[in-house]
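Data first, discussion second: the structure below is written as structure tokens.
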Amino acid sequence: MGRSRSSRPPPPPLVLLLVLSLWLPLGAGDSLPTESRLVNSCIQARKKCQADPACKAAYHQLESCTSSLSTESPLEESSTSADCLEAAQQLRNSSLMGCTCHRRMKHQATCLNIYWTVHPARSLGDYELDVSPYEDTVTSKPWKMNLSKLSMLKPDSDLCLRFAMLCTLNDKCDRLRKAYGEACSGFRCQRHLCLAQLRSFFEKAAESHAQGLLLCPCSPEDVGCGERRRNTIAPSCALPSEIPNCLDLRSFCRADPLCRSRLMDFQTHCHPMDILGTCATEQSRCLRSYIGLIGTAMTPNFISRVNTSVALSCTCRGSGNLQDECEQLERSFSQNPCLKEAIAAKMRFHRQLFSQDQVDSTFSVRQLQNCSPAPRPQLRLPVLSLFILTLILLQTLW
């Protein structure tokens, strides 16, 4: 009696679930950028260059220039420099010349090595610390803080202790903080490992957690709070045991692609443009570039537990006829109006988070911080169109 039924597609809910499982990963965004998501990553630019014989040959020439900088004799320098500049001229119209990196990207060291390879003038001593190699994008996501979890602390606990507790309550922040705490502990201190773990913390922890720990506000009379803030970066291990000359410290930094890049990024975004203190970019970028120096040879820190002044761990004694240049470098941290105001503004924001009317609420940082909000992940139009088209086609089969 019953007619044989032809095979039918799965029930609509299952089909929808299948389609969504294929579509959602396409629309979701990673917390850390990969080179393919950058506008012109140096890694992607090199791949394009290697597909062109002339570009590939010029790039290999510049690679040899970079590797020979520290080994060639003065007699060879002029001819090598000419060859390097000629190779750079050949790459002038290549995407390599405008390529950038990101401080949180995968393979960051490789990207920065490529960047400095294709800028031989800067690698050969013409240090123009005014153009950052980093693409200036915001990739951090908004995060929510449940301040009610801080009820275990005493009501009069200082804000540095509260931000430390917020980090402890976050699995990723707590894990990264413990890693650099262990690497930087007094009896285990190996400075290069300590600096590497510090960089890992400030690159991988949520920006709001990292900035909360580093830039927590303290009352001038609260010495304990100020000491906690100053000890955030484990200065006894992270900073040099013997105070170097500031110009020697900068030379050491410039020999390392990562440190040189972070220093250039700081000079780009925290640079006062005139005597009135007009800043080159907004405060969020200045702070991000300042924090980017932590974990490098140029790691700065608070100089005291009773105020918010910062400085490099170096001296200008013995600078000779370069005394003025050394003091200018020193002042770019200790007397930088852009950096001072950026730190002060962030501390005011952090204090506002814990104001009385916010104490027992759960809220997003985005509600209070409007200076440079992180962009929300956007659905890509082609992906959305593909999803709608798939639904239409499936409807014809039901």
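Numbering starts at 1 and runs along the chain as it is shown here.
Glycine is no exception: its Cβ is also placed from the backbone N, Cα and C atoms.
Pulled from TrEMBL:
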- 42-123: domain 'GDNF/GAS1' (DOMAIN)
- 160-237: domain 'GDNF/GAS1' (DOMAIN)
- 246-338: domain 'GDNF/GAS1' (DOMAIN)
- 1-29: signal peptide (SIGNAL)
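Residue counts for the domain 'GDNF/GAS1' (246-338) under DSSP (helix as H, G, I; strand as E, B; rest coil) come to 49 helix, 9 strand, 35 coil.
Secondary structure of the domain 'GDNF/GAS1' (160-237), assigned with DSSP and counted as helix (H, G, I), strand (E, B) and coil, comes to 61 helix, 0 strand, 17 coil. When averaged over the domain 'GDNF/GAS1' (246-338), pLDDT in the model lands at 93.
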